[in-house]
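Some features that TrEMBL has for this protein:
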TRANSMEM  6-24  transmembrane segment
TRANSMEM  36-55  transmembrane segment
TRANSMEM  61-84  transmembrane segment
DOMAIN    104-311  domain 'Endonuclease/exonuclease/phosphatase'
COMPBIAS  323-350  compositional bias 'Basic and acidic residues'
REGION    323-358  region 'Disordered'
Amino acid sequence: MVITIIIYQILMCLFAFITLLKIDHWVVRLFDFPKVQLLALSLFGLFFGLFFFSFDSTMQWVGTVMVSLAIIFHCIKIIPYTVFFKKEVIRTVPTDSSICLSLLTSNVLMPNQDYEKLLSRIDTYQPDVLLTLESDTKWEEKLKPIEEKYPYTVKLPQDNLYGMHLYSKLELEDVQIHHFVKEHIPSIEAYLRIDKQHKIKIFALHPKPPSPTEAKTSTNRDAELLLVAKRVKELNEPVLVFGDLNDVAWSKSTLLFRKISGLLDPRIGRGRFSTFHAQHKLLRWPLDHLFHSEDFSLNKIQVLPEIGSDHFPIYAKLELNTKAETQQEGHESSSEEKEVADDKIEKAFQKPEVSISN
């Protein structure tokens, strides 16, 4: 029993720190996702050791120290996404004169046929902007009834799990369809016209995840996120980036995206807001994201009830608030981090199957 616990503790430590390796292969990047689960398993390893160990051998101490380091490492990653951490985005209560925008993002799971559940969520929350992911022609047809209220649309139905539909009550301007990394993986860039004086740049994304069934590495996903981050950094206007990024909030790649773009994460100091996997309570992490520039404050963010998909929808209401810029500040990237970002993008370009277009 003692030897088994020591081996278990060492494995927990390896599973924690393997994510520090600069390796893009899915076998390594897989361990970015279940931080909460690995923390729980590491705590079990520590408690079992404390119960069964007599601490009369070096290896018992080694195992205990290693699993303790794993616990500390996981906590450092996760704590920003709890109420015990300082909020990165201020909360405001809108007034009659406030300029507000609400968004609902939903990865519908293409084979899912519970269309009415999503229609019910739309009817209940009445978002100004709706983004569906994995939506095909069947989903497009079932969502036609909402077009009376959402007259501005971008429809990109696909049967490869990477279809995308954008519905808006607000006018969409200068719409661009990008295939930043692969020709069959679209993303949307556009302006939302709020009123005559205000417009917001938006990016809707859904890159491929590193997995044995999708992409063998995270190279293309990371490159797409960083290409968008660099575009955002060049802008001097309100910006929103949202979608299923197939990455978790605490990963190195997401943190690098935030530093390069300078965007804020409203979940910090509030919670994880895990959206995947909707059918497995013990295996959930935040895959669906919303990042915004410093000139937004937050009114509300919440994960909505399930719609038959493997993702929960996520809803947020933001206020365009020029005063917020003086109370909150995004990350700044170092020269070394910019170099890392450039290297990751270049690595994607070097792949023969990669096609980056505007």
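Keep in mind that glycine also has a Cβ here, set from the backbone N, Cα and C atoms.
For the transmembrane segment (6-24), same-chain residues at least 6 beyond its ends with a Cβ under 8 Å from one of its own Cβ atoms are 31-32, 38, 41-42, 45-46, 48-49, 59-60, 62-64, 66-67, 69-70, 73-74, 210, 217-219, 222, 251-252, 347. Counting residue by residue with DSSP, the compositional bias 'Basic and acidic residues' (323-350) contains 19 helix, 0 strand, 9 coil. When averaged over the domain 'Endonuclease/exonuclease/phosphatase' (104-311), pLDDT in the model lands at 97.
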